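Here's the structure we're looking at; comments come further down.
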Amino acid sequence: MSAINEECRFCLKVFSKEEKYTIIDNEIRKQFKNFTQMKLSSSAKLSKVICELCLRSLQMAHLLKNQFIENQQKLENHCNYDDQIDLNTDPFFAPLYQETAKDENGECSGSSSVKIAKIHSVKQEPEEILINYEPNVSTINMYNYDDQSQDSKNFNDDDEEKKIKLKCFHCELKFASTFLRRRHILVLHMKQQFPCVVQGCDVKIKRKDFFKEHFKKYHRNLSAAKTAELIKQSKSVMPVYENQGLRLE
């Protein structure tokens, strides 16, 4: 059988002499539509034949598709699967993602073989962190103002100049409140640098916590009552800034 100037309707290959071909009939049209979901139209300008290779390929694809669907139907009758194959759509040409009804969890439910989880892009506002401020040496030093730190990147000159205007009486540090300045003086100046004269021996002690060591070393023979009285008298003569509202204890 020869078909000169004829070409295959599927692969568009031109037939040579003595090459076999098959005329397209209704059975071939059904197989083509079942496989591609497209109708094989006929026209006087279109070829009406198919080559042997395309015919065998079309028949094999048609058989495989029917076999796959039949096997899945048998399995679904005996088992429950999370991913169900929708037999109403063609698995070869169906879109990868299909819009289906969404359940309460925001996941796609239905016959689609792929479940798409709905992801909400929620803009989270930064949480406000509350810090309980308890004054101590660390927190006081944290609020100290140094004239040489004005070049800091995080320092706002306009805002800080209005707040920091209280200068320490003994050093060049400045503070934003009288409370911070008072704590600074009590911790770094009065308890460490102020001399105290011990009554009875005129010994000067620079720090309050050296009292016990002094009495233990030089006044060991005194009674407890006498020692307490000397300590009380020594404390009473320690310099106190009454006009500044400062107290040692």
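Every residue gets a Cβ built from N, Cα and C, even glycine.
Database features (TrEMBL):
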DOMAIN    6-78  domain 'ZAD'
BINDING   Cys8, Cys11, Cys51, Cys54  Zn(2+) binding site
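Summary for the binding-site residues Cys11, Cys51: the Cβ-based neighbour count within 10 Å is maximal at Cys51. Taking the Cβ of Cys8 (Zn(2+) binding site) as reference, residues of its chain lying under 8 Å away and at least six apart in sequence are, in sequence order, Phe15, Tyr21, Ser47, Val49, Ile50, Cys51, Cys54. DSSP states for the domain 'ZAD' (6-78), grouped as helix (H, G, I), strand (E, B) and coil, give 36 helix, 8 strand, 29 coil. Residues Arg9, Phe10, Leu12, Lys13, Ile50, Glu52, Leu53, Leu55 surround the recorded Zn(2+) site, their Cβ atoms falling within 8 Å of the Cβ centroid of Cys8, Cys11, Cys51, Cys54, which are themselves excluded.
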